[in-house]
Structure formats: C-alpha cells, structure tokens
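Below is one structure, written out as structure tokens; comments come after it.
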C-alpha cells in the first residue's frame, strides 16, 4: 500500500498541467510568503570546475576573494554555480525587494525528503516517542499524510523537495511548477473536518510522518558562540580596513598609535559582541519554552514532539500553550497579553461542528494561540477539555512574531545611505592623495618601499578609524536619557529615525483616551408607538425592570468569568454587567436538570425577581448556553441563553449600531436611530447597540447552526452609552505636535462619530475646520464614494460625488517658501481648511476602486474609524509611500502590525506585544511621543555634528600630512597620538552629552541627507578656512629670516619648523570644529550646557596654548617639536587660530544655520527638485480650499514620483 502508484498521485487535479519542456524552462518564480516584499526565487546548480577554479584563485590571492564572498555571499553563488531549472537545482537564491528600494539576498540549499524517513528526528533524541514498538495500522487512512499548502490545496506524495526561508518551509509543487509555503492542517479545512480529524488519536507511524514534514515543535532562536561573534565582527569591512591600517602603521613604526587603535577596536568589538550575545540570550529566554504535554489517549510526550493533528488534553488549572490549537470541547480562560498587549482574561469557546471553512481570524475565539497562558479550563461532565493542534513551531502566531524580530523590515533611512556614500567619497579623496604622494615622492627619487608606505599611510588618514564608535555614542546617550524618562528602546538605530518624523498616527482607546469606560446610561426602544422609536435615556440601568430584555442582554451578553471569586474580563463588559446590579455564578456542578443542557455560567438579579411560566412563579435565572466571541471584522458578539423554566433559546447580540441595524428586522429598527446615535457619538460617547431573538431549537441543533444563522432576524432593543474620557496629557501633546507642523492622524476601531468627537476634543480637528466625511454607497454595481462636508456640525455644500480624476491649478502649497511661511503651513490663510474622515469600509473601497486618489485623500486625512488591524498597517504604509516619516503610537492591542510597519513604533503596553515596537513607554500616555521626538531630533542633530566633525578631522589631518609631504616631512608618532586620542576621541566621547532642547518642537525637522547642499557647503566651507589658516601659518614662518626649508633626511626625520607651524595650527582647528559643529537650538541645548565637553575643551585649549608658546624641553622632545627661534611666530599662530575660530563660527551659525537652513536661501532648482521627489509635497501643491465641494482636479507628478508612489500599499 505504501508504494502504490495511487498514493503518490496528487490529491488535487489540475485542468492543465505544464509539459516537461515548460517545467525545464522554469528557473525563476515569484513567491508570496510575505506581503510586504516582492520575492523572486532563482534555481542554481553547483558546477564542479567552477568550484575548483574559485578555490585555486582564492588560495593564490591569499583568501581575499573569500573575504569578499563573506561580505556578499551571492557572489560565491554566481562564480561557483550556474542558473538552471528547479528540477535540477540544488540551491536557490531568494531576492526580496522592499518598496522597490531595499534588496535582500538569501541563499538556501534544496533538500530532497522522503516522507517516511525520520532518521533526523530520531537522532534528535526522540527514540522514546517513535522508536518503540509500532502499533497496528487499521486502515490506509492511518498513513494518509498529505502536505497542506498555503493556497488551501494538498499534496499526497511520498517524496518532495523543499527549502527553508526565514524559518518557513517552501514545498516544490511539480504539477504547477511553483514553490508554495507549507501551512497548518487548518488551511482549506472546514470546522467539521477539524472535528473529524480529532475523532481518534493518530497512530505513531502517522505522527512520525507528520513530524517529519513539519519538523520539531520549537521556536529556536540561534545563539552564536563568543568566538563566532568575534570573528563575524572582526571580518566586518570596517575592522578589516583597520587591520590594514594597523599593518601600514606598524610598517612605519607608529607603534603607540597602533596600540591605541587596537585598544579602541578591542573595546568596540567586545562591546558589540557582549551586547549581541546578551540580546540573543534574552530573546531565547523569552520565546523558547518546552514542557511535557498530555495527548488524548493518556500518553504524555515532550512538547517538541507535537505535530499538527495531535489532540491535546488541557489541564483544569491551566498551562502555557506551546502550539496553535483549536478548542474542540469545553471552554478555556486565556491571557493573551503576549499577542495583544491586553492582560484581561479572554474566554475561548469550543469550535462549532459546522460545515464552514475554518478561518483563523473569524474563529479566533476558538483558537488557543502559542505563547498565551491558559488560566483555567471548564469541562462538561467527565469529558476532558480537548484541542487539536493546528500549527507548530515558527508557523504559529508566536513564531510569526519572533520571525518579525529575527528578520525585521529593512529600514531605508537617508542618513544611513548617505553616510556610506560619503565614505565612498572619502575613498576617492584618498585615491587622489595616493596619486599626489606617489607623484611627489617619485619626483624626489625616494625608494619604491618608502613611496608605497607613504602612499598607503595617506589612505589610512582619510577614513577615520573612530567613526563608527563616535556615531554610536550619541545614540547611546539618547537611549540613556529616554530610559530615565521610563521609555525603553529595543533598537538604537530607531533613535535617529524618530528625529525625522513628520506624520504620527495614534490609536484612540487606551492611547488618547482612558482604558476604562464609565457607564453613562441606556436608551431603550419604546414599543408603545409604531413604528418604534428610541425613548428617553435611563442614566441608571439598575432602575430598569429586571425583566426588560435590554437589561437581561446587558447582564448576559459578555465573556466575563470568575477568577478566584472575582469577576474578570473585558473592561467594557465588566462595566456594563456591574451597572445592572446582577450577579454571576459558575456552579461547580453543571445544572443539567434546570436547563436540559450543560451550562457553566448563570446570571441572576441580586434582588428577588420572578417570571411566570405556565402559571408558575419561577426565579429569574439566565443560563448562558453558548457564546460567540467578539470579532473585529464582524463588529459584534453574542450569546445564546435560556431562562429557567423556558423551553426556548434566546439570543442576545451586542455590537456596532451600524452593523446590528443590518441584522435586525427593519420593522424593529427605531426611526430616530441615526439622529440619536449621532447626538451621543458627537459628544464623544461610545455607543453600543443591543438586540435579541427567540429560537425554538434544542442544544444539539444550536451547536450545528452557523453563526450567521443565529445572528439574524434580530429585534432591536436599544443603545448602551459608555463614557470614554481623554487622558490628561492628550490635548497638550496633540497641540504641540500640530504647532510643530507634524501631520497628526487618528486610527481607531471605534464609531466614526465618536472618533470625530474625540478628535475635535483633543485638537486633531480644529474649531472652524471643514470636516469632509468620505462615505461609500453599495449599490448593484461597484461601490460609489461621495463626500459630505460639515462646519461646526452643520452641513455645507451638499452631497458631492467623489471623482476618480482631480484637476486643479498649482496652489503653491508644498513649494519652498520662506521659513516662516512654510512653517506656518497649518494655519496659513491660503492653506485648505478642511480635513477628511472615513470608515474602514470607505477605506477599502477607496483603495480598491480609486487607488490613484489615495494620496490626495490621506494627505488631508485626520480620522480613520472602524479600521481593522490590517487596514491600520495599510494606512501607515501608504503614508510612507507619500514620503512621510511615519510614527505610530498604540497600546499594543490590534496595533502590532502598524507599530512594526511604521518608521518608529511607540507602544504604551509593557507586555510581550511591545516587542513589535522599538520604543515602549512605562507611562501610558502620549507624553512619550514628544519626548521620543525631542531625543530623536537631538540624536539626529548629534549624529550630523559628529559625522561632520569626524570627516572634518580626517580631511584636516589629510591636508596637514599632504602639506608636510611637500617638504619631505610628516607629523610625528606622538603628534598623531595626541591629535587622534587626546583631542578627537576625547571630544567625540563628550559630543553627544548635550541634552535635547526643552522648548517647543521646531516646525522644521532636522536634515536627513548628508549629501544635501547644506551639509556639503558646511564641510566644504570649513575645510577652505582650515586650509587657508594652515597655509598662512607656513607663510608667516617663511618670512622669518632664520627660517630654512626642511630637506629629506630619512623617513623618521620629521623635526622641522614646517612641522611645528602646521601641527600647532591644526591643534586649535580640532578644538574649533568641535565647537562649530555642536549645534544647539532648536534641536539641542546650547553646547555651553554640556559641562563635560566644555571642561574638556578648556583643558585641551590650555594645553595646546602651552605646547604652542613655551613647552618644556621634555615635552618638546616628546613631540619632536622644533621650536621657533622667535616666539612671535607662536603668537601669530594663536592669532590665526583665533581668527579661524571667529570666521568658522560666523560661517556655520549665520551662513549655514541661519541663511541656508532657516531662511532656505539655496538655489531654486534644488528646492524644486526636492519638492518633486517628495509625493506629499506635490499633492499639497494641488490642494485648494474648495476641494470636495467642486471636485474637478487631477494631480500630476514627475515620472520618478509616479513610479515610487504607493508601492507599499498596492495589492
């Protein structure tokens, strides 16, 4: 049976199967394992003669090619392998492209696997699990082990090919010539099929086969050894350059400086290795977990031996889930804080046995996710609580979270890209210096060895060896200051990125408003009139009749439970239940006699209440029969209950009023529902609708019914009004952000009216601003969008159809005006005074039907309500596509995707879900956003300053050495040491200690491009001043009658007057540049407030004066200084340094900072070029004050902008 031809045939049939000739041509395929990336796979096969030739050439060239292959592994693939079809390939190259900008390369070996060959598993130490005596095989189904693929299909084969990419298995489907991701057993299955799968425990042979397909159930975080980390760090291109530098210096006998560099490098490597090791071990300790679990049938196994299809028996007192599993019987109370950030207990109910396709999101109320904690389980009679394993290892939800940490989205930050380009520019300058040195020394008839050493020496000077350490220090200081403000940072790189933010998105509930809700009152339907209307509000629900359906619904439509005698559950459910004055009981023995079914939860009034049933007085007790948990996509939850003594089932459903009105019978919906709903929502209240129906069904019939068949034909009961207050700090921070010209957006899952009201209250929508409601109308054809505008809540302009095209003359917005005009863009008289608000349904229709209009809509977008977690992430990506640097602040619940997608995510939850964001605040309000912005801007300004300081230092030293080379001299060993260690390393260490500016946030964010006109003019101008000062120092020396030009007397003979003049002048220039490049307001405090740096500058200035004017003989001999015969030269050098300081300070502060940065006095074509490269600036140009009133315009972009817009959000 095992080897039969039937078993090797695919389970699925295809209408057309590619021919062998076509299969042989398939050498590249697009895979879709991650929607954020464009992924291409290419097949390669190793070529023996290429491998041999590569090794021979590498040996002959001392292994240099293998060093290059270590930095770029794909080069090794290119030279040792040939591209071929996947049938012949033994390895694949996966190229991932993110937003058409960042490319990542992965190389994986292709593995040929036999489904029954589990020797690898047995070698892992699981002989006890599978190596024992084999059990009987009753039927062929016992060995039926298909491969479940991500597209919902199955493959029933004995042998298959796979490779592992980012901890996920991709299977080769020969019939369709595609690589498809391996999925869990739930993919493509119905709920009934999952129940049938767990009808009996799988035999050992089948478990062995399944485990061989999916691998061990473990989320293994790789922790590298110390030696591996050291080697990886040392083989970094920068440290390899340092090794080359040290080799050159040793050849030139610069021993002391070599020792200093070795010590600095050792410290840098050690710090990096220790931090990396600590992070890896911390992540492993957080995510790795093993335990012994019980399978149905009484067998206990190691959790790593779990495989999809196993049936778990959950203990009564809880456990930690080590896989994703669907609950089949009973119920469980779970803490899902690891995934959602909310520590409130969640009740999970058994999966219904219905013939409906299983959907992980829709049926999440029946799924126990890996990493969550089961607090306790409830069972019926003596039947155990069972769950079928769906996914294991990295396929689980926890595995996906860990994968997002191990393989983060590549960050495309302009500052980082430009820094690498600048290093390349320095390398070009170094080549120029090399040519100059070779030509000069060759003309002086130096030996070839001396020429080579001098030429290599000048290369080592241009690229500063301390640059990476100096760049890191500033960010570490910012992280330390954030830690003091109770804001933790997981990724130091995110600090600089946060300084560039110009758009910030906020969640509403728990972020802008308080977590808890207060009961305001209820509005019940008055059935005394026809048609029904909503009556007067009842502020205290306790005053309502206990027999009122609305009150019964409030008392039972929830997922609350008793933990240690205390009510626990969702805060909204808790407040609603407590307002009824009822009590909840969970009998130890299910009350089968009372309700004719197993009912673990009963609610009853605290005061006596009776109902009449068949002329008998029965106590009012409500037994909760079945629960349908809240699902964000459905926007509702419901329960099926039975009143004591009744033989019917009552359904109570609560949720969004907009959703429930579509599920209720039209004759029961109040005629004034829209009016009443708007009145409360516009005041900021959270409004929940309640409805009911009566069903004459048995418990077994109910269990077989689909949810949509239960939640239909409802009767509208009324509204429950909850009060949600703003947090104290919200309004002030929103106002500060808007004054800083930052685009502020609210993204929430709440009602649109409530969201708009809160937005007005906190200042996201300002008074007098026109609010454009973008709505969707679903007709017989495609969805149609239309706009309705209001000012102060009063409609203006009527209903306007949303047009696909948009024509408008250039309004000038987005062009580079003066600083004051540009900074005041939010309040300028000609700025369009309107903001757009919409719901998730409208957002979906906009992206599907009007994709070209997304940019101009979200440019003025302010409130996005009823947004699902996926839609939140889409919106963040679309803002990024517009050229914004986007920040996202949320409390962790349903915000993880958006927090990960944003350039900077700030979580207000300290629970495990906070790993989705680089920043986590212990203080649960948005004050942290302003603090992160300030520290980020200060860190970015510091990075710019440090980078310019280190570049200016290397170029200044390059000028000094090149100048002295002309006189056949050089700086001495200890002069190099003094400059590089006593001055540069010293200043670089204290540079970043200047704290962030404490005043208002500046309206203009810091620069992000090192290759822009401003930083290039800054560095270039300073270099000209420094070069002139050094030349004037030599010129002054040449006018003294005792001056005699230095002649070459050997490589070590550098003591000369030219050396003194250049060295003395350059000493002061290094001090000048640290003051000049230490920018203060508006991003940092004044450099004077940096006490450590100021003390260091004062001490080093005094020491430099001492060395220049009258050093003792021992000090002059130490530096090998040839002191001038006339002290007048020393005073001239000090005067030159003073003038250099004044001119440099004037140039940097007035010309660069004030005129170029502040007043934007730069060439017009450069301003226009930046506008055309930034899509949101182009959109602003087209905006007018009458948009969405006349709607007759079209935005045009240049070709580059068209190609780059919305690549992240398009599907």
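The backbone N, Cα and C atoms fix where each Cβ goes, glycine too.
In the predicted model, the domain 'P5B-type ATPase N-terminal' (40-173) has a mean pLDDT of 82. Summarising the annotation, TrEMBL assigns domain 'P5B-type ATPase N-terminal' to 40-173.
Positions annotated as transmembrane segment by TrEMBL: 49-69 (among others). Listed by sequence, the residues of this chain that lie at least six past the ends of the transmembrane segment (49-69) yet keep a Cβ under 8 A from its Cβ atoms are 75-76, 79-82, 235, 240.
Among residues of the same chain six or more beyond the transmembrane segment (226-248), those with a C-beta under 8 A of the stretch's C-beta atoms are 67, 70-71, 258, 261-262, 265, 269, 272-273, 276-277, 453, 456-457, 459-460, 463, 465, 468. Annotation source TrEMBL lists transmembrane segment at 226-248 (among others).
Among the features that TrEMBL reports, transmembrane segment is placed at 254-274 (among others).
As annotated by TrEMBL, domain 'P-type ATPase A' applies to 299-405.
Residues annotated as transmembrane segment in TrEMBL: 422-443 (among others).
As annotated by TrEMBL, transmembrane segment applies to 455-478 (among others).
Taken from TrEMBL, the feature transmembrane segment covers 944-965 (among others).
Cβ atoms under 8 Å from those of the transmembrane segment (977-998) belong to residues 256-257, 260, 264, 464, 466, 469-470, 473-478, 481, 934-935, 937-939, 942, 945-946, 949-950, 953, 957, 971, 1066-1067, 1070-1071, 1074, 1078, 1080-1087, 1089-1090, 1092-1093, 1096-1097, 1100, 1103, 1119 of the same chain, restricted to positions at least 6 beyond its ends. Taken from TrEMBL, the feature transmembrane segment covers 977-998 (among others).
For 1010-1040 (among others), the entry in TrEMBL reads transmembrane segment.
Note on the transmembrane segment (1060-1080): residues 941, 944-946, 948-949, 952-953, 956-957, 960, 963-964, 971, 975, 978-979, 983-984, 987, 991, 994, 997, 1022, 1026, 1029-1030, 1033-1034, 1036-1037, 1086-1087, 1090, 1093, 1097, 1100-1101, 1104, 1107-1108, 1119, 1121-1124, 1129-1130, 1133-1134, 1136-1137, 1140-1141, 1144-1145, 1148, 1153 of its chain, located 6 or more positions outside it, place their CB under 8 angstroms from a CB of the stretch. The transmembrane segment annotation in TrEMBL covers 1060-1080 (among others).
Look at TrEMBL and you will find 1092-1109 (among others) tagged as transmembrane segment. When Cβ-Cβ distances below 8 Å are used as the criterion, the transmembrane segment (1092-1109) is approached by residues 982-983, 986-987, 990-991, 993-994, 1064, 1067-1068, 1071, 1074-1075, 1078, 1115, 1119, 1121, 1127, 1130-1131, 1133-1134 of the same chain, each at least six residues removed from its ends.
The transmembrane segment annotation in TrEMBL covers 1129-1152 (among others).
If you look at the transmembrane segment (254-274), the same-chain residues 6 or more away from its ends with a CB under 8 A from one of its CBs are 226, 229-230, 233-234, 239, 242, 245-246, 465-466, 468-469, 973-974, 976-977, 980-981, 985. Same-chain residues lying 6+ beyond the ends of the transmembrane segment (422-443) with a Cβ under 8 Å from its Cβ atoms: 450-451, 454-456, 458-459, 461-463, 947, 951, 954-955, 958, 962, 965-966, 1010-1011. Beyond the transmembrane segment (455-478), the same-chain residues lying 6 or more positions past its ends with a Cβ under 8 Å from any Cβ of the stretch are 238, 241-242, 244-245, 248-249, 252, 261, 264-265, 268, 419, 423, 426-427, 429-431, 433-434, 436-438, 441, 492-493, 495-496, 935-936, 938-939, 942-943, 946-947, 949-951, 953-955, 957-958, 961-962, 965, 980, 984-985, 988-989, 991-993, 996. Residues of the same chain lying 6 or more positions beyond the ends of the transmembrane segment (944-965) and with a Cβ under 8 Å from any Cβ of it are 415, 419, 422, 426, 429, 433, 436-437, 440-441, 454, 457-458, 461-464, 466-467, 470-471, 473-474, 971, 979, 984, 987-988, 991-992, 1006-1007, 1010, 1015, 1018-1019, 1022-1023, 1026-1027, 1030-1031, 1034, 1054, 1058-1059, 1062-1063, 1066, 1069-1070, 1073-1074, 1077-1079. Each residue of the domain 'P5B-type ATPase N-terminal' (40-173) gets a DSSP state, and the totals for helix, strand and coil are 42 helix, 48 strand, 44 coil.
Residues in the domain 'P-type ATPase A' (299-405) partition by DSSP class (helix H, G, I; strand E, B; coil) as 22 helix, 39 strand, 46 coil.
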